[in-house]
Amino acid sequence: MVRDADPGLTRWRRRRRARALLHRPLPAPPDALRRGPLRPGAFPSPLRSPRLAGLLGAALAVAFGICFVTGLISHLVQHPPAWFWWPSRPAGLYRFTQGLHVATGLATIPLLGAKLWAVTPRLYAWPPARSIAHAAERLAVAALVAAALFQVVSGVFNVARWYAPMPFFFTAGHYWVAWLAVGALLVHVGVKLPVARRADPGPRTRPGGLSRRGLFTAVGIGAGVVTAATVGQTVAPLQDLSVLAPRRPRDGPQGLPVNRTAAQAGVRAGPDHRLVVAGPGGSVTLGLADLAGLPQHTVRLPIACVEGWSATADWTGVRLRDLVALVGADPATATVDAESLQARGRYRASTVPPQHVGDPLTLVALRVNGGVLHPDHGYPARLIAPNRPGVLQTKWLARLTVRGGS
Amino acid sequence: MRRALIVAGVLVTGYAIAGAAGDPDLSPGGVLVFLVAVLVAHDAAVMPAAIGAGALITRWVPPDHRTPVRVAALCSAVVTVVAVPLRLGAGGLPLTRLLVVLAVVWAAAAAAIAVRAIRKHLERRAAAAGG
């Protein structure tokens, strides 16, 4: 062998050899195995075309993009890294982003179904793998399809509070698989871009068959029906129409829905309840009469659940900033850790950042819609703040710890 | 452009796998099981059933009525996919709610078929009168 004089040329050759290996045709399986859906012409609908798959894919990418961004917002609000800042106004912003997240996810069901229908013949491609590169591409598509189905199915299960079939903690699984879906989607778009660009429109209609426009209309009607049947969980005027809404805004005690009841949380509080407020300037212990003796304010705020429902109520109680001032801290810069009577549970405590502490709409509420809080709404006292997910509106408040702001 | 998309996609996928593996709240095995389960359930059961239903519609429904029937079948499948977990979950959705939605969907399909039939009949009569 003669040593190559130019190392650059060698590298180029090596790369070319590797590429040739990736694309070298693999031996095809015997044709006798080509049966059932693997037969040529097993999927006769002329409606399927690369163009249709590309258009449905583009629509799906928009839907997934909306769900990813709104989902990421919800994740960051609940697990804020140091760089993240979430405003306290507009008060209904989270209600909007999370309502949009769930509504878009539900409306995606017919779109995803149509897309997978359009590409079903590719699942039964023959030979199953033409080359190593082709096999890798198919694996990436499998990851994308699995991740997309995972997101939609686990999202529906969570909205339905049906956790038994999910062998993982929903919130964490839904979050990481969202990243997987986005990664696999980027790879897929990168691979398919030339196909989508040169895709010829194909035949428009066939007698007695659905046209491409007809299919899009059908998907749109499907999305419309599922939206109308559920969106009343956050758009109150539609609640009578939305017969499939998991929770409707006026369901529940005092005309307000509940996720976790006092019984589920294992909480029983009586009129002798005490709220401890601890801060840099000492701590105070307040009974219910003491809290009721402080200046009372009534605010109209939504409670917006991560599961997509939301409802507006009139809350009455003490401003959190007044309690913070009581223990010698500056409400404009203080952070408050709110803890519940609940002994265990992922959401037994929450942190209120300074922008929410200083907001005059943030209350330690004692009453809702004119009556004393129902135990399921957090009797004797709960947190209610603008633009926060419901899981952070801590109920059955036992202790407020004020940090900073001195 | 293509290369940038693919490289970004591989990086994001790597972030997802590393993040899932390092999250103390998550059992990656459970996630993997569910990923495979939804993929197999879809490819082996849901999509074949949908394609089979489509073939039955093509076979049994006259061409003039197929589109409303197909649209109603698609809507029925979508609301059922949403309603069944709601029925089995903590909320225990009453099944009558699903039946109401299905009834509305199929009543709309029947109305669309009736409108088409009447329109066709009138057209034929007008053509006969003209000819």
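Here the Cβ of each residue, glycine as well, is placed from N, Cα and C on the backbone.
Taken from TrEMBL, the feature transmembrane segment covers A:52-76, A:96-118, A:139-164, A:176-195, A:215-236. Feature annotation from TrEMBL assigns domain 'Oxidoreductase molybdopterin-binding' to A:272-403.
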Checklist entry - Counting Cβ pairs under 8 Å that sit 6 or more residues apart, are there three or more between the transmembrane segment (A:176-195) and the transmembrane segment (A:52-76)? => result yes
Item to check | Long-range environment of the transmembrane segment (A:215-236) - Cβ separation under 8 angstroms, sequence gap at least 6 | outcome: 47, 52, 55-56, 95, 99, 102-103, 106-111, 114, 242-250, 304, 308-312
Next on the checklist: Using Cβ atoms and a strict cutoff of less than 8 Å, what residues sit near the transmembrane segment (A:52-76) while being 6 or more residues removed from its termini?
Outcome noted: 84, 86, 94, 97-98, 100-101, 104-105, 107-108, 111-112, 114-115, 118-119, 148, 151, 174-175, 178, 181-182, 185, 189, 192, 195-196, 199, 202, 212, 215-216, 219, 306, 389
Checklist entry - List, by number or range, the same-chain residues at least 6 past the transmembrane segment (A:139-164) whose CB is under 8 A from its CB atoms? => result 60, 64, 67, 102, 105-106, 108-109, 112, 116, 122, 170, 173-174, 177-178, 180-181, 184-185, 187-188, 191, 246, 307-308
Checklist entry - Any idea what the model's mean pLDDT is for the domain 'Oxidoreductase molybdopterin-binding' (A:272-403)? => result 94
